[in-house]
Amino acid sequence: MSAPWPRRPRLVAGNWKMNRTAADGAALARELTALSAAGLPCAVALCPPFTALESVGAVLRGGATHLGAQNLHPESKGAFTGEVSGPMLAALGCRFVIVGHSERRHGMGEDDATVARKARAALRDGLTPIVCVGETLAEREADKTTEVLVRQVWAVYEGLGADSRRTVVAYEPVWAIGTGRVATPDQARDAHRVIRATLDRVVGDHAGEAIAILYGGSVTDKNAVALFAENEVDGALVGGASLEAASFWRICAAAR
Ligand code: 13P
């Protein structure tokens, strides 16, 4: 069982999505390791595709940068062709696993109940889930952002109790992902406040104050400083800009 994640750490995680082979991923991790030789400015995690976890993990081993996966199956083993379980990820040295990414909610039909099962499975298997939530453009334009965030957070955290403190949330507005249209720091702040207030209500015990909330969606080394200046933003989940070592490193440095 991994130790509780420290109270609201600054965390920058790179979600490589379906990019980089095992060899290319190891090379990218080596570039980052070279850049971070003098120490990390914040907690950092790399989330390569399943096929690169072992090679990237080998580069990161013994260092401070964490390894994370992008998905897991809720069951720990069994007849689930093509799936990967939490114990398999933990055995590769993963500390984190992303659950509920919008590309899985909207592209692979994952509903709130599935995301909740995956978050619980991650905790059961000693992993820290990075729970992604966020509204679509249509939902934002229909003034449904708060409703969607409350529903998505509630589904995962209801009944989670003290385990909630071993999770991280990522607010990823769907309209900002891969579009170059980053949320303004004010938009991120408002959404993070909704998420924090919901965590307080559903978990109790001021959980919202203890759980880190990352922002994700078109984060670059150009806009990271302004986003991180917002007190509500505890870090970032970075897609495209995490595929290039220097730009990802500048984002990490901005989170110091
Ligand atoms: P981009 O940074 O490419 O917009 O992707 C964000 C994301 O989906 C991270 O999980």
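Yeah, the Cβs are placed from backbone N, Cα and C, and that goes for glycine too.
Fair warning: this is a prediction, and the values are worked out from it, not measured in the lab.
Together with Asn15, Trp16, Lys17, Gly178, Gly239, Gly240, TrEMBL lists one candidate of Ser36, Ser55, Ser218 for binding substrate, that being Ser218. Ranking the binding-site residues Asn15, Ser218 by the number of CB atoms within 10 A of their own CB puts Asn15 at the top. Looking at Gly239 (substrate binding site) and Glu172 (active site, proton acceptor), their Cα atoms lie 11 Å from each other. Each of the recorded positions Lys17, His101 was scored by the other Cβ atoms within 10 Å of its Cβ; the lowest score goes to Lys17.
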